[in-house]
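Below is one structure, written out as structure tokens; the observations come after it.
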Amino acid sequence: MNGEEIIRFERVTKEYDGTVVLDDVSFAMERGKFYTLLGPSGCGKTTILRLIAGFIEPTEGTIYFHGKPIQNVPPNKRQVNTVFQDYALFPHLDVFENVAFGLRVKKMKEADIRQKVSEALRFVNLEGYERRRIQEMSGGQRQRVAIARAIVNEPEVLLLDEPLSALDLKLRTEMQYELRELQRRLGITFIFVTHDQEEALAMSDYIFVLNKGKIQQFGTPKDIYDEPINRFVADFIGESNILSGRMIDDFLVEFAGKQFACVDRGFAPNEPVDVVIRPEDLELAAPEDGQIVIRVDSLLFRGVHYEICGYDENGNEWLVHSTKKAEVGETVGLRFEPEAIHVMRVEREDEGA
């Protein structure tokens, strides 16, 4: 970690009625970065958010804020604010009073409240909406109000619990850019929870991929997409062709009944492995020129590319994204570079990362 540490979990476990929802998790976060907690429902991502906010306490382990344990610090004393999935706005208050609510609780002077609310609304592009009623706001505008209400208190960390999930696709995409730009302008730490892989890849400095209460992988969006650590991450982050194989030697792997040059090393000879090739890294070719030959089973036009699904002679399914079209029933070749092959160690079902 190169920057200033703001949050650290040391061997944190959370149980509910004997059920482990977060299992011996350790990590650290830097000030001023955009982090995403990504995973399927029930993986533990919202539990981490609630632990940071102080809404729940860990069963085991320690949580640090600026190097000091915070277990006994109540939520209202932590330099943390949360934007909830449903925004949790007050329908009987206008935009100004929703944003000012926390400042009034702190008994701040009226002049200071006006100044801070105006600054917060300017940050989220809602100047002039001060007296608008919440019922008159669109979904995207309500989300901006919720964010303004959170940042007006000048938190060091902003927690966002799936705040885009209720928006339509176009608005969700717009808000991704707005949130990322807001984080850069504010310079505070954002911790964003989502199950949407594209959101995580588009917005984050760093991503935690979680499954079954454990962190499977941590890294930049590019690291996690290009170098998934196991089959779960490869399958969860984008579309993938995942095949069972074995490592013959350094830079030589066998899968789909053939041996291929690759860029991976450090495996035992003949070690069982999982092999990942992304659909966009496959190129259509004539059957005689293909490293793999498939029979096309289905074809979908996705606008920017065709999505082609087929099977090789060993029954392995292949997914291809190509600007070239192939007909259902046609036999085609697939070509790929050694750099497109990613070799992963096989993990047992009960293993974490």
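Keep in mind that glycine also has a Cβ here, set from the backbone N, Cα and C atoms.
The domain 'ABC transporter' feature in Swiss-Prot is assigned to 7-237; the stated evidence is sequence analysis.
Secondary structure from DSSP puts C43 (ATP binding site) in coil. Annotation for C43 (ATP binding site): same-chain Cβ neighbours under 8 Å, separated by at least 6 residues, are L210, N211, K212, G213. Residues or ranges marked as ATP binding site in Swiss-Prot: G39, P40, S41, G42, C43, G44, K45, T46.
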Same-chain residues at least 6 apart in sequence whose Cβ lies under 8 Å from G42 (ATP binding site): V21
Candidates S41, T46: member of the binding-site residues with the richest Cβ shell (10 Å): T46
Residue, out of the binding-site residues G39, P40, G44, whose Cβ gathers the largest set of other Cβ atoms within 10 Å: G39
Neighbour count (Cβ, 10 Å) for K45 (ATP binding site): 26
Output field, ATP shell: CB within 8 Å of site CB centroid, site G39, P40, S41, G42, C43, G44, K45, T46 dropped: T47, H195, L210, N211
